[in-house]
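Below is one structure; the comments refer to it alone.
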Amino acid sequence: MALLCYNRGCGQRFDPETNSDDACTYHPGVPVFHDALKGWSCCKRRTTDFSDFLSIVGCTKGRHNSEKPPEPVKPEVKTTEKKELCELKPKFQEHIIQAPKPVEAIKRPSPDEPMTNLELKISASLKQALDKLKLSSGNEENKKEEDNDEIKIGTSCKNGGCSKTYQGLESLEEVCVYHSGVPIFHEGMKYWSCCRRKTSDFNTFLAQEGCTKGKHMWTKKDAGKKVVPCRHDWHQTGGEVTISVYAKNSLPELSRVEANSTLLNVHIVFEGEKEFDQNVKLWGVIDVKRSYVTMTATKIEITMRKAEPMQWASLELPAAKKQEKQKDATTD
């Protein structure tokens, strides 16, 4: 019976009886994500593309490992007994002070409000990167490589979550089990947008079996595919919500981010002809006039000022709440 190898960067299935000291090629280090660059602590290679990161060949050989890494242990919280709680109660007379009434929530504005383009703030790093691209664009046109359909033995599949490598013509007929979505890292949790099996352990995330079946993608063909997915994340403070879109070398003159109090439309052109589009029905209400966009060489940050200082349960309004808001609007 074939077992799954849990060594980082391997993910292959192996026969325990034929497992040898050099059967596995893996990474002994840990994944490193810094300034949109992804790599392994044991290797010097870095990339901005998550699929390329997953396909980085291991730098160490050893035996396959079938032992699944343990999930991080959560500390056990013990409650004291009722008897102890009674003893902890103060013996003096308590004076209860009533808290002030909470501020009434702002009524949700209509989604049909006119959209406004948010202010774009362009960083010096992006300006320098775009200037370099303009200088080298003329030379690159003369140095374009001719399309070559030949696939080299050992080429990794570019589909997310697939660890298969090209072994010959028979690999063209194999069924690829992969993740059709994009990886999401939020508040310590890691998961794919297509199946949302969340985990806090990176090795378990890499070992998650795909949720979609199709053909292997041995080469990336961006030609003719303008609209592409981008890894994006969000976080919040008491007064602001920030969305980070990891798109490199975005073009300010072709990009736009527009919003009203409850809707956000994002259109970003980056790396030449790639486009990213996202429309979000916001969970809360924002102050459009005090919201803005910061564009850097490695990402775009959309900073939205909250209309009221409250914690958002999520970035996007759930489908059930959307229907309730629509019903309220029709009855009014």
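A Cβ is built for glycine as well, from the same backbone N, Cα and C atoms used for every other residue.
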Listed residues Thr47, Thr116, Thr212, Thr219, with the one flagged phosphothreonine by Swiss-Prot: Thr47
From His179, His232, the one annotated by Swiss-Prot with Cys194, Cys195, Cys211 for Zn(2+) 4: His179
Record feature phosphoserine (Swiss-Prot), assigned residue among Ser41, Ser51, Ser193: Ser51
Swiss-Prot annotation, Zn(2+) 1 site containing Cys5, Cys10, Cys24 - matching residue among His34, His64: His64
Secondary-structure category, per DSSP, in which Thr47 (phosphothreonine) falls: strand
Listed in sequence order, residues with CB under 8 A of Thr47 (phosphothreonine) and six or more positions away: Leu37, Lys38, Gly39, Phe53, Ile56
Composition by DSSP (helix, strand, coil) of residues within the domain 'CHORD 1' (5-64): 8 helix, 18 strand, 34 coil
Neighbourhood of His179 (Zn(2+) 4 binding site) by C-beta distance under 8 A, where only residues 6 or more apart in the same chain count: Asn159, Gly160, Gly161, Trp192, Cys194, Cys195, Gln208, Gly210, Cys211, Thr212
